Amino acid sequence: EELRAAVLQLRETVVQQKETLGAQREAIRELTGKLARCEGLAGGKAPGRAASGKDTMGDLPRDPGHVVEQLSRSLQTLKDRLESLEHQLRVNVSTAVLPGDFREVLQRRLGELESQLLRKVAELEDEKSLLHNETSAHWQKTESALNALLLRVTELERGDAFKSPDAFKVSLPLRTNYLYGKIKKTLPELYAFTICLWLRSSALPGIGTPFSYAVPGQANEIVLIEWGNNPIELLINDKVAQLPLFVSDGKWHHICITWTTRDGMWEAFQDGEKLGTGENLAPWHPIKPGGVLILGQEQDTVGGRFDATQAFVGELSQFNIWDRVLRAQEIVNIANCSTNMPGNIIPWVDNNVDVFGGASKWPVETCEERL
């Protein structure tokens, strides 16, 4: 700011002096013209009168010699002043006539700019080194990916069948308290959801617990369970709704459950057909975030204390969760395998599911196996 103010002051001074020089030059030109006319008079030329007889030099004294002497002095004075102003202007421009501490300010600014330049050079050197390291890491990652692709191509050339990341099932063959699958991702806070999955079970009595979601302070935040001779039940925040689903015939079935916190409205679909609906299931209760999703067991604490009598026996696949209520036609399209629509909250992918206690993952095409 000090430097800017000093430069502006210098600029204003220069402009003022230029204007003064222009005015002085104009006065010199005018006096020079008058001097020339007076010299003409002194030389015996005709008086300067126009055709009408008006004296054009009426503002000058009658004595031509006196006029010449007076104008010569005035002209010399103006020339001296003009030379003085030009000299002052050159001095101002060359030496920058500014506030007394301008040179110190300028020197300090130059020092700061030099320091900033050195810091920037050091930062650029650091960025160059970091970029080199990142490039090396990226190259190694790319090389690893290429090696994996080459390995996969070799497998395909040998005739190994390709399976997509979601073409697998979790097998839970025994009713125990230690076989289960775990979803690595957790849920955000939800005000509505749709949960769909394929399952196959012939266990009696009841298929057990296909999935459960527990949060601190509430082990039954979301649970689907068929226990003993009871019908399949949906629990939300420990509130219960009985669902008219029948899936213990040893065949693959597609199950979808929708729910919204508004009035606790729920729907139950089996193989694309809506079999039941209701309301007042944990109304106005948002699903709490940060819990644990377990496949095949009912949780009495977050992630544990399983009961073998409530365990799911059978196979599960395509477990997907959305944060909205799917339309009926969307559910039909998923059930009849005419569309592939992974859950936007929990998608069914291999690297998102871990198995424990002897549970296993196998390749599967549910749409083919159900036929």
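Cβ coordinates come from backbone N, Cα and C, glycine included.
Annotated by TrEMBL as region 'Disordered', the relevant range among 1-20, 21-40, 41-60, 301-320 is 41-60. In the predicted structure, the domain 'Pentraxin (PTX)' (166-367) carries a mean pLDDT of 91.
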